[in-house]
Structure formats: C-alpha cells, structure tokens
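One structure is given below, encoded as structure tokens.
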Ligand code: NAI
Ligand code: SOE
C-alpha cells in the first residue's frame, strides 16, 4: 500500500493544555505505530482561549493554523474531525455545534458535567450520524484489553466481583492552587468526575452494566489559593502562596459499592488525596475459575490466576504484554519494553480513525459517556441520601 491510498483527515483540536499535548502526540505518532494506518491525521487547526495562546500551541504541537475562537474550527468545511480537549463545562456546547456541522468528534472525559448535557450530546451525534468517542483511554492499555479478552474467553469463569481504585496525591497538599478541577461550575464534580469515572468505565468494560450504587463522598480541603493565571498547575504545591483563597465545592474522595446487572458485585474507591499514590488505577476481578489483577503503575503487567493451571504451578503469576496481546501488532516488538500513557492515546487515535474511515461505531462513545454520567449521578444521590440508589435508565 502506498501512502497516497491512505486518507488524510483534517483535525481541529480545541484546547492546548495537558490533553492537547497528549492528543497532538497521538496524531503524529499513530501512523508510525499502526501501519498501514487507517488515516493520516492532519493537524490542521488548534483553538485556544486567545490568539496568542493558540499560535504558541500551534507551533508547539505542529498545527498548520490557529485560532482564538473554537467556532472557527466548527465553521471550517475542510475540518472533518473535532477533538475536544477543554475543561468539562465547554464539552457540550462545542460537541453539539460540531455534530450539527457534521464533524466526527473525539471528546475528552468526563463527557459532560451533568446528565442533561451528556444526554443532549448523545442526541446531537445520533441525529447527525457522525462518529463519536469519549476519551476513557485506560481501557486501551494493552493489559486492560487483555483482561477483557480473558474474561470474554471465560478464562476466569463467571465474574463474581470487581474491586477498582483510582488513587492520586496531587490534591493532598492544601497549598495546591484552586485548579478548575476543584470548581463545580467548571468540572461538574471533583474526584468522582475527574478520576472516578475512569473506574466506572473500566468496570463497565470488564464486567458489564452497573445497576445500583451505595456511596459515600467527602471533601477534606474546603478552600485553596487562587491560581495567578497561566496553564493549570494541576494542584502542584505553592508553599509560598499567601494571596487570596477560593472555595472548593467538589468532592475529594468517593467510595461506592456497585451492583452489576449480571449479578456481580463490586466497589470503587477514588481520591486525589492519597499521599504516595500517583496514577494508582487498580482492579482485581474474581471469577468462578480465576482472578485478574491490574495496577496502572505497572501497566505492562497483568496478574492472573487460572484454576485450570496445574496443581503444582498454582499462584498469581505475571503476564507481560507484548506482540501476542491486544494492539501488540502495532506496538513494541518485545514484551515489557514499556507501554506509557502516550501509547494509550495512540491506540485511542487508531481506533477512532478506523471508525471514521470505515464508517463504523467505536467505544467508548457518547452513549457510554452518558451512561457513565447516569452512574455518577446515582453515586452523588446515594451519598446525599445515605442509601443504595438505582442507576436511572437511558432515555435518549
Ligand atoms: P488543561 O487545563 O491542561 O487544558 C485545557 C486547555 O483548554 C487550556 O489550555 C485552556 O486555555 C483551554 N481552553 C479552555 N476553554 C477553552 C475554549 N473555550 N476554547 C479553546 N480552548 C479552551 O486541562 P486538561 O488536563 O488538558 O483537561 C482537558 C480535558 O481533558 C478535561 O475534560 C479533562 O477531564 C480531560 N482529561 C483527560 C485525561 C485522560 O486521561 N483521558 C487526562 C487529563 C485531562
Ligand atoms: C487529574 O486527576 C488527571 O489529569 C485526570 O483529569 C485524568 O483524567 C487522569 O487520567 C489523570 O489525572
């Protein structure tokens, strides 16, 4: 196959922060990993909050054009894919406008800060008939995809239970500034929407639909120093901060029990106040015939116990992901050379552009994002009402 037979697809990326960087890297690298690539993503236009920031982002991330107004991206008939990498409160407005303009959409997680916005977004992409994806990238870690393969193949039998955690420590220090992630009107919720939803996505991907929750939520640090401007510092401590403080009105910690439609039970714990934990996404899944354990901080590894193993070789053992495993054909040639955060985004871009060029659906999509919001909403109501709460049905 020659390069000329691979479609070039123009991308308009909105938001040039942390995720703007990760997605730009993925667009540049995806064809280098997966060849023949489903498409060559062309970094056409990047939008930021003003012209200066947009120009800098274009130069840094390799975009041909820049704009200080995201609406220019939507209006441009040469742009076919809109990538939304802005804080949560702008996802719905941008996505609905992009869908109405017939653009395919990759939107960062959480899909939206509220159920109502997520529902409107799903309605818009369905009406437009465009490809849509929500960027819960951790399910694209090869070891996580391998866990799903083992479960689908029945290697651990019927799933009985799921224990998921997402523990970080970047918000444990009270002198960490008031990131937008601590403000309800921008983020929607705190730890729950920011990282708890990643675990919800993994639970749904690996075990199935969640029908009910029984939750507790807590806020430990109620005010933080105002950030003086510039890029979001993601809580990086400023010990000398002596200026004014602003109110934190979101949760720091969420814990919930989970009931799955298929009869499995589980739990989810998430906090950004766990000193010493960095990106500690773990799950342990017990089935009638075995166990699977994953820890993102050792993301090349999947620990497995299969009841079918010979009696003299029993024990949790480590499988190192590599060419024999999901996405192995495009990644590195020797197991455990090292999968990074970047690779999860490269794989995400690969699957998204495959769907765009083949005209097929990809998951997790806006329906998954909407369902995740319904679960997050049930968690909030359960914590408020101090009782088990059923997840509301999909109504789009
Ligand atoms: P960030 O604060 O680092 O960057 C956001 C950028 O968007 C900023 O540069 C800001 O100036 C720009 N922006 C804000 N409003 C805009 C507008 N109306 N038009 C154009 N640009 C605008 O935030 P970060 O970490 O990149 O987060 C963005 C989104 O990605 C959030 O929804 C977040 O939850 C999600 N995220 C997902 C991750 C994942 O692992 N999938 C990791 C980090 C963030
Ligand atoms: C901060 O908690 C954060 O950047 C989240 O917003 C991301 O979704 C997560 O992947 C990494 O941590």
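Glycine too: its Cβ is placed from the backbone N, Cα and C atoms.
Listed in TrEMBL for this protein:
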type	residues	note
DOMAIN	9-136	domain 'Gfo/Idh/MocA-like oxidoreductase N-terminal'
DOMAIN	145-292	domain 'GFO/IDH/MocA-like oxidoreductase'
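For the domain 'GFO/IDH/MocA-like oxidoreductase' (145-292), DSSP puts the residue distribution at 31 helix, 50 strand, 67 coil. Note: the domain 'Gfo/Idh/MocA-like oxidoreductase N-terminal' (9-136) comprises 60 helix, 28 strand, 40 coil (DSSP; helix = H, G, I, strand = E, B).
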